[in-house]
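Copied over from TrEMBL:
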type     : residues                       : note
DOMAIN   : 5-189                          : domain 'Deacetylase sirtuin-type'
ACT_SITE : HIS130                         : active site, proton acceptor
BINDING  : CYS138, CYS141, CYS153, CYS174 : Zn(2+) binding site
Amino acid sequence: MSEEKNPPSSDMAKFREFFSKAKHIVVLTGAGVSAESGVPTFRGAGGLWRKWKAQDLATPEAFASNPSLVWEFYHYRREVMSSKHPNKAHIAIAECEKRLKPQGRRVVVITQNIDELHKRAGSENILELHGNLFTTRCTKCGDVSVNKDSPICPALAGKGGGGEGGAQGSQNKCNNTFELPHSYSANFA
Ligand SMILES: [Zn+2]
């Protein structure tokens, strides 16, 4: 095997020197940054909602075949966020953006997360690769709106139980679509 030409460096002093000169900075985040805030990912071992992994429900196909089930899952995830808060990492990233801005240096957060914790921490330049829990898109007219209603429609009140690791909760096999404003679908993530 040939030696890598530019192996990743773990030299913090060099990083600081490089960072101090950087004008355009990207912070790429995923589930790890929100784990410290207690946000469940529903991915991997033990991360199930009822019997599903997030990947199994977070698709247009899953929504088409069982919209009420997918909505229960997203309702649950929306509700969970009311007790979760940005942690020190979210706050440090937001402060970095604020501190560097007056120096003409731009920080962009690119995140896979849908929990809005970067925004709540104060970050302004955020690209959410998978959308977020509180932005909906109408399946009929394409209307995209911010919606923080809890529940988003009366039919979802008290639904969504049987959270991570839980096998309890009724398994919803019906294909009824709830009455949602603009026939909202979740942003899949
Ligand atoms: Zn519509």
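Every residue number used here counts from 1 along the chain in the order it is shown.
Yeah, the Cβs are placed from backbone N, Cα and C, and that goes for glycine too.
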Cα separation, the residue listed as 'active site, proton acceptor' to CYS141 (Zn(2+) binding site) (Å, whole number):
20
Number of Cβ atoms other than its own within 10 Å, given for CYS141 (Zn(2+) binding site):
9
Length of the line joining the Cα atoms of CYS138 (Zn(2+) binding site) and HIS130 (active site, proton acceptor), in Å:
16
Separation of alpha carbons, HIS130 (active site, proton acceptor) and CYS153 (Zn(2+) binding site) (Å):
23
Filtered recorded positions, from HIS130, CYS138, CYS141, CYS153, whose Cβ is under 6 Å from an atom of ligand 1:
CYS138, CYS141
